[in-house]
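**Student:** Structure provided below as structure tokens; questions to follow.
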Amino acid sequence: MAINILSWNVNGLNSPVKRTKCLDYLKCKNVHLALIQESHLKAADVHRFQNRYFKVICSSSAANKTKGVLIVSKRNFDFSIIRSGGDTEGRITYAVGSVYNTKYAFVSVYAPTEGDPLFFQELLRLVVSLEDCLVVLGGDFNTVLDPQLDRSHVNFANLKLKKLKFLNQN
């Protein structure tokens, strides 16, 4: 049986209308499990992103209304949670459990916008500790493999410099 999983940077869930629209979208797309980033919800407000079809199974929130990650499950999805956890910064949350007699670890990640080696070391330690599970990692890693190919804006100063170097070579 297939599991329909969605990783989604929602860019804030403090508006009741947006929460409702997001939950409706999950239902419409028949999502079993959603890995949510940038919820912007405080820990005391995480319960607001639930309805009769979906529930929050784990979360991590920042002290202010920034960052925030959630894992949301369809209420009738047979996922038996063994353990869950996360950081205290609103950047990593995970749930370990079994689905169809297979042990999974679902991880939702919202990486810092500036490369932070300590964050990625923490993430790596977590993933390595989940060695007895099939790991499903979803998130917003705030990075690209090749800035020239993957960025929509171009740094024209660097582009002009590269053109000059190219012209000097020929």
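Backbone N, Cα and C define each Cβ position, glycine as well.
The feature Mg(2+) binding site is assigned by TrEMBL to N9, E38, D140, N142. Marked as domain 'Endonuclease/exonuclease/phosphatase' by TrEMBL: 6-147. Residues annotated as site 'Transition state stabilizer' in TrEMBL: N142.
Help me see these features in their spatial surroundings.
**Tutor:** Counting Cβ atoms from all protein chains shown, N142 (Mg(2+) binding site) has 16 others lying within 10 Å of its own Cβ.
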**Student:** For a quick check of packing: other C-beta atoms within 10 Å of the C-beta of N9 (Mg(2+) binding site), how many?
**Tutor:** 16
**Student:** As a test of the contact definition, list every same-chain residue at least 6 positions from D140 (Mg(2+) binding site) whose Cβ is closer than 8 Å to its Cβ.
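**Tutor:** Listed in sequence order: N9, Q37, E38, V109, Y110, A111.
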